[in-house]
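Listed in Swiss-Prot for this protein:
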- Cys50: active site, nucleophile (ACT_SITE)
- Thr49, Cys50, Asn51, Arg52, Ser105, Glu110, Pro111, Gln112, Gln116: substrate binding site (BINDING)
- Gly185, Ala186, Gly187, Glu188, Thr189, Ile190: NADP(+) binding site (BINDING)
- His95: site 'Important for activity' (SITE)
Amino acid sequence: MSLVAIGINHKTATVDLREKVAFSPDKIHDAMKSLASRTRSGEAVIVSTCNRTELYCNNGDEADIIEWLEEYHGLDHQDVAPCLYNYHGQAAVKHLMRVASGLDSLILGEPQILGQVKQAFVKAKEAGTVALTIDRLFQNTFSVAKKVRTETEIGAAAVSVAFAAVSMAKHIFSSLSTTKVLLIGAGETIELVAKHLKDNGVASMVVANRTLERAQSMCEEFNATAITLAQIPDFLPKADIVISSTASPLPILGKGMVEKALKQRRHQPMLLVDIAVPRDIEPEVADLDDAFLYTVDDLHSIIEQNKASRKEAAEQAELITEEQSYLFMDWVRSLESVDSIREYRSQSMAIKDELVERALNKLAQGGDTEQVLIELANRLTNRLIHAPTQALTVASRQGDLNTLGQLRTALGLDKN
């Protein structure tokens, strides 16, 4: 068993590269099946969010997995390789546990990543790329993330990218009581944004979504107005703040649409926060006067303040993930020991069966019983002690006293 984790995130790559290696929801099922086919166990999970893309595989070759990622997205090795990180064995286990616990997030301790990891695991199960080891790994990871939440203060005053976006809006507008907000998307992140906006007394909210029913369902809770994406041009001129987070592969707001809206607003300033990957708002919008565009990469100052306040809780959480990752590896080793014992017994039984059959044939042909039994005993002894004798000889010749001692203990040579 060899667990491998390979990824790219907000710490190692720009939003431009991150959006190139992201997997869209409608393609991730087939992507997981394709990735799993490159492993010896057929086990693989892809975690793809706006801030990270990570591949978790059991019994996969690191170079082969990286090659698959580059081929899948049509990217050059020299562009991707410097931004990748990789973990093996216990380090891979700990990394996943840290990710799910929010310890590796853009905003330390944010809870949304756990839901995203769970969703990735569900999709992998649907794709048939989960077996014993990966299943146990992710189930344990979810338990560890819960343990971190309940036993530390990492989740106190819970924050997220959504919280950071609203904090930035408050910083720029000082008060949100007179501002009108257009939210694009109706997923978990936008729902959190709406919650924070409501808590801060925003004047009004409009939610635009591809599926009107989903937007309407969300709007009931926040007393907001639901519209379709096609209606955005009609509502954009009224928006002081635009916050967007969808899974659209193409930008939803273009420079021309925003420019037209600003003219209708008589050039009153508009704050646009794009927290989607790939981006929902064309980067050229930032060139417009009175349009202030920010992406997830612009939220670092808020994030750094958050990290400082949660440092102590994070240290406690790190200890939990460290301990639990070792416990998981103990379970993995127990599986390996069971396999080894099974193989050893099977091998010994095969030798016995072979030699017994040979002895019975000789007896059937009239061989002397005593001579046949002595030959059977000698042959069985020689076959069974051959491998241990070779191992003892090599360890002794190399002066490897540690291995020699372990072999003597295993063979019962040091018993009184």
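Cβ atoms are placed via backbone N, Cα and C, with glycine included.
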Quiz item: Once near-sequence residues are set aside, which residues in the chain of the residue listed as 'active site, nucleophile', 6 or more away, have Cβ atoms under 8 Å from its Cβ?
Solution: Arg18, Ala22, Val161, Ser245, Ile275, Ala276, Val277, Val296
Quiz item: Counting only other Cβ atoms and using a 10 Å cut-off, which of the binding-site residues Ser105, Thr189 scores lowest?
Solution: Thr189
Quiz item: Nearest to His95 (site 'Important for activity') by Cα distance: which of the binding-site residues Asn51, Gly185, Glu188, Thr189 is it?
Solution: Asn51
Quiz item: What's the CA-CA gap between Gly187 (NADP(+) binding site) and Gln116 (substrate binding site) in angstrom, rounded?
Solution: 12
Quiz item: By a simple count, how many Cβ atoms lie within 10 Å of the Cβ of Ala186 (NADP(+) binding site), its own Cβ left out?
Solution: 25
Quiz item: Other residues with Cβ within 8 Å of the Cβ centroid of Thr49, Cys50, Asn51, Arg52, Ser105, Glu110, Pro111, Gln112, Gln116 at the substrate site?
Solution: Gly102, Leu106, Ile113, Ser160, Val161
Quiz item: Cα within 10 Å of Gln116 (substrate binding site): which of the binding-site residues Gly185, Ala186, Thr189, Ile190 qualify?
Solution: none
Quiz item: Among all the protein chains here, how many other CB atoms are within 10 A of the CB of Asn51 (substrate binding site)?
Solution: 25
Quiz prompt | Non-site residues, in chain order, whose CB comes within 8 A of the mean position of the CB atoms of Gly185, Ala186, Gly187, Glu188, Thr189, Ile190 at NADP(+) | solution = Leu183, Glu191, Leu192, Val193, Ser245, Thr246
Quiz item: In Å, rounded, how far does the Cα of Thr189 (NADP(+) binding site) sit from the Cα of Pro111 (substrate binding site)?
Solution: 11
Quiz item: What is the nearest of the binding-site residues Asn51, Ser105, Pro111 to Glu188 (NADP(+) binding site), using the Cα of each?
Solution: Pro111
Quiz prompt | C-alpha spacing of Gly185 (NADP(+) binding site) relative to Pro111 (substrate binding site), in angstrom | solution = 19
Quiz item: Taking each of the binding-site residues Pro111, Gly185, Gly187 in turn and counting other Cβ atoms within 10 Å of its Cβ, which one has the fewest?
Solution: Gly187
Quiz item: Across all chains shown, how many C-beta atoms besides its own are within 10 angstroms of the C-beta of Thr49 (substrate binding site)?
Solution: 24
Self-check item: Per DSSP, three-state class assigned to Ile190 (NADP(+) binding site)
Solution: helix
